């Protein structure tokens, strides 16, 4: 059965599980709590009355006579209270530890985030530095190449300068006067180097002479070749001029023939119109000719010519012709037109037409033997003429 007293340091009730200690002022505490108090406090005083206490005067353990507990007795509420307080203290300690650890975790998170940002920044700087190093490396390679090229250019310039001096000397030998050449040779001296230089000059002069000789020969050959080509070109030009003149003459002749053909066509059109007006008389022969002209199909070889005349003059197809007749009222006259229809179609078709239409006209009614009397048969006349016959 626990004692109904508690420790003022930890506020737990006394029980038989922990040692109870007392000091000379008479106050009692848990022995562990009292030792911790003395270790933490600056002065060794009583936690309750504040009197000076020495560790020598501490009674480390008090013994209490406790009566026997009955079986089935309920648990002492003080023990439960101590357990609850202990659990609360442990929970409070754990909550405190959890808050401290949570705070430490937040600090670590912020530290990690800062370190991550620093890491990203450093990595970006490293990438930039790598790019800069690559660019500097390329630039260094380029500068080394430029330096090598400059060194080669210097050597080439030095070599060209020496060659230019040699060429100037050769030019002086070639272009200069005899006195200048003798002066240059005398300035060179009689040493071994001067002799070698003179040998080089002589060899160069010989090469230059050979080159000039070869160039002259090539120029002559080229001149002969160009002369031959010019002669051939002149012949071709003359021939082309003659052909062009002949072509112009042919074109003029063709234009003249075309104009004559256009005039012939105009004349034939006028004659056809006159023939149509003439055939309007009601005679048997005229009716046969009209039917033969208007109802018979044109030959396939007859092709229309629709090109414009070369003289560009309009043809008046409505033009009429006045035919004078005698003024004798006692003897009326009539117009007998006898024209070869075959000749008319040949003229309309042109000179290229064949004689395929002649059998058609021979077998037609116009060329058959007349069985009528002399009054229905007109007088014969030449083809293409108009004759005036008096009526008996």
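A Cβ is built for glycine as well, from the same backbone N, Cα and C atoms used for every other residue.
Here is what TrEMBL says about this protein:
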DOMAIN    7-50  domain 'RING-type'
COILED    98-170  coiled coil
COILED    223-278  coiled coil
Inset, instruction - Helix, strand, coil: count each for the residues of the domain 'RING-type' (7-50), based on DSSP. - result: 10 helix, 8 strand, 26 coil
Inset, instruction - Determine the mean pLDDT over the coiled coil (223-278), rounding to the nearest whole number. - result: 92
